[in-house]
Number of protein chains: 2
Amino acid sequence: MLFLRSSDPGFEKAFARIVRERRESDEDVARSVSRILGEVRSRGDEALAEFTARFDGHSLSQDEDWRIGADDCRAAYDALSRDLRDALELAADRIRAYHEAQVPADRDYRDEAGVRLGARWRPVDAAGLYVPGGRAAYPSSLLMNAIPARAAGVERIVVATPTPRGATNTLVLAAAHIAGIDEIWRIGGAQAIAALAYGTKRIAPVDVVTGPGNAWVAEAKRQLYGVVGIDMVAGPSEILVIADRDNDPEWIAADLMSQAEHDPSSQSILITDCEIFADTVADRVGVELGMLETERTARDSWNDHGIIILVEDLAEAPALANALAAEHVELAVADPEPMLDAIRHAGSVFLGRHTPEAIGDYVAGPNHVLPTGRRARFASGLSVLDFMKRTSFIEADEAALKAIGPAAIALAEAEGLPAHARSISARIGL
Amino acid sequence: MLFLRSSDPGFEKAFARIVRERRESDEDVARSVSRILGEVRSRGDEALAEFTARFDGHSLSQDEDWRIGADDCRAAYDALSRDLRDALELAADRIRAYHEAQVPADRDYRDEAGVRLGARWRPVDAAGLYVPGGRAAYPSSLLMNAIPARAAGVERIVVATPTPRGATNTLVLAAAHIAGIDEIWRIGGAQAIAALAYGTKRIAPVDVVTGPGNAWVAEAKRQLYGVVGIDMVAGPSEILVIADRDNDPEWIAADLMSQAEHDPSSQSILITDCEIFADTVADRVGVELGMLETERTARDSWNDHGIIILVEDLAEAPALANALAAEHVELAVADPEPMLDAIRHAGSVFLGRHTPEAIGDYVAGPNHVLPTGRRARFASGLSVLDFMKRTSFIEADEAALKAIGPAAIALAEAEGLPAHARSISARIGL
């Protein structure tokens, strides 16, 4: 863990390095991903089966090896404990309510020149959701990706998920049942993203690929951007907690660990204005770590990437937060509103002492798929907009074309595009 | 020009090939772009000056060689003919009116569980607009990129534009004056995109890069996606005209040529249900070509990529249009409304006989930067949203956390994330 004081002479330099040091895509990963994409593109299902045998130890020989059926998902759902079933349903309901209200309104109006203008939002035809296997097989992520796609009106929603040595994740299957997904392929990694984007004999291509994944999955999405739409290039998870001394150090330590336990490359940062509080939180992190089954991951993350920044005044915090543009920002202060107003770049903000970030991971309603690695400067969390696109339209009659056409003709001629001018002048007799 | 009949037995196969054959990024271009990006990233302005000397024949030795000043833009504006000035102002006013209404509303509400939820849209801090030099130096493109950025509230808007052998384009400068741009760098190509994304000693980095460009520019944007936000990966321009026999063949031929004259790789497609009309349009294209200064480009485009598809019934057209997902779609029929309803994938649609696509390039108001190469399946035209991002927020008090927290705890524990559960249970005494 790195401890910085904003009053130290070297602070600006040290902080600038933290901002700069966001890990980028690895050249070796890029090359091997590019090879995998090429193989799946040219050899389709055959390449998919080879990679799945090699990376997941799962054989795709029989037809039934390829997919997980709707029956399996229903059975997984039925087998859940009452508590878990209710928890998943509550999460789904709240995510649905939040995202359904995101569907944008169409426009259609006639302006004073008599030109009809507008735009229509339509869902993509097909969306592919990646659900990681292994450590990061989260039913909550399936809901966070599938429900916005459904709210957008996407007709075909496909899940790709690796099943290492054939093992499926009951909770993920139950979540698929709740989200009404009935096309689930047992494939993972870059090869799964390639299959979704290019399509194979078995798997029809999709238009948008979303969902979290490891570095290979993220790089595959990056390379296929443009062939399909993607939600974003995701990196390691991050939390920035801005907390005054009046917080319970135990709560804040738990919040920092809630990111740290995700992955050794996750990053937890605390900004506070009280050195005693900072020290107490640091001590309490040690206690929390000892309580966690995820101790090893959380400890590695905290040791390698954890940061505590001691500021003279919390008024310094928003500028630091804007430079970090973190995925999650907690404002654990009595009156978070002015600070929220001052924060321009963040994936999601958690206000006040009783809003731990984890509540947003599961049941609050807003999406937990958020921009990482300073991308909140320009990117937003996943929403129904990622599954929709807008078509503008224009309608002129002869009078309207006569009103605005001459200006277009003048500009087309000035730009050296005479056929553009012709297409207007022919219609209005100029 | 390729002539296809939908009733021919080979049609489906031939049409599928057209849909598939969208040109993709070239591996040689990708490699040399990657090299250029690396050079600018590590050597900054020095590398920029070398590439600008080599590719643009423009020397960046003195301070004043680097930038075009606001005075030059004002002078260019003042020197315009009255007609052209009015035309640019009309275009700017109409583009502004259309885009200002796109600014999305924030959300902020408390739901029945007592949780406050919402989202705020904020502009990016800085946007970089690429304006090509040479053949495609269009003042209209500058307006189409700068005005949405301005409407989004972006404070710093930067233009990068190559000035081959030092030559500037008066119209582009005048448009910059209208759009209020005062930071213009005389750089182009992949090196300009790298400078905008990474920043150099002279040029502060931006958060989003938009604007058209050649294959190098498009590939540079693709490779830098994630380091900065980008509008889209743009390919050659396209038009699909759906026209019945009651159109004036001259108008339709002019429309087809208005795309063809952009670039030899542009594509113009006509779908009609009348063979005589198809033949007349094809003949008329020959006449139109002879009238154009852009004849050579337009002829190459039409010969190599032009297509006429004769259908039995125009009711077949929407399915073909959806498969093509073209950048521009004209519906030159008496009642375009039902066809508009049936078209799910298109960048922009032009309704009726008096709405040539060129009106949308200049003065209609909607953006002319639109998805090409079938990307309208998942992408939208440029808008204020490309210059903004959304931060969600969540606020719970103790009662609200008690209401929804237990479900989150159950899910966190089931996902094997105990610190997530701890951060909630510590607060509600579970």
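Placement of Cβ uses the backbone N, Cα and C atoms for every residue, glycine included.
Remember, TrEMBL labels are computer predictions, not curated facts.
The active site, proton acceptor annotation in TrEMBL covers A:E327 (among others). Look at A:E327 (active site, proton acceptor): DSSP puts it in coil. Every protein chain considered, the tally of other Cβ atoms within 10 Å of the Cβ of A:E327 (active site, proton acceptor) stands at 29.
A C-beta separation below 8 Å, combined with a sequence spacing of at least six in one chain, links A:H328 (active site, proton acceptor) to A:S237, A:E238, A:I239, A:L240, A:Q259, A:A346, A:G347, A:S348, A:F350, A:E357, A:G360, A:L370. Residues or ranges marked as active site, proton acceptor in TrEMBL: A:H328 (among others).
Following the DSSP three-state reduction, the secondary structure of A:Q191 (NAD(+) binding site) is helix. Long-range C-beta contacts of A:Q191 (NAD(+) binding site), restricted to its own chain and to partners at least six residues apart, with a cutoff below 8 Å, comprise A:I36, A:E39, A:V40, A:A47, A:L48, A:F51, A:T52, A:F55. Residues or ranges marked as NAD(+) binding site in TrEMBL: A:Y130, A:Q191, A:N214.
Look at TrEMBL and you will find A:S237, A:Q259, A:H262, A:H328, A:D361, A:E415, A:H420 tagged as substrate binding site.
The annotation Zn(2+) binding site is assigned in TrEMBL to A:Q259, A:H262, A:D361, A:H420.
Within 10 Å of the C-beta of A:Q259 (substrate binding site) there are 31 other C-beta atoms, taking all protein chains into account. Residues from the set of binding-site residues A:Y130, A:Q191, A:E415 situated with their C-beta under 8 Å of a chain B C-beta: A:E415.
Sitting within 8 Å of the Cβ centre of A:Y130, A:Q191, A:N214, and not among those site residues for NAD(+), are the Cβ atoms of A:P132, A:A160, A:P162, A:G188, A:G189, A:A190, A:A192, A:I193, A:G213, A:W216, A:V217, A:A220.
A:H420 (substrate binding site) counts 30 other C-beta atoms within 10 Å of its own C-beta, drawing on all protein chains shown. Local packing around the Cβ, expressed as the count of other Cβ atoms within 10 angstroms, is greatest for A:S237 among the binding-site residues A:N214, A:S237.
Here the CA atom of A:H420 (substrate binding site) lies 46 Å from the CA atom of A:E327 (active site, proton acceptor).
Separation of the C-alpha atoms of A:E415 (substrate binding site) and A:N214 (NAD(+) binding site): 47 Å, rounded to the nearest whole number. The distance from the Cα of A:D361 (substrate binding site) to the Cα of A:Y130 (NAD(+) binding site) comes to 17 Å. Sequence-distant neighbours of A:Y130 (NAD(+) binding site) (same chain, 6+ apart, CB under 8 A from its CB) are A:V159, A:A160, A:T161, A:G188, A:A192, A:I193, A:L196, A:V209, A:T210, A:G211, A:P212, A:G213, A:V217.
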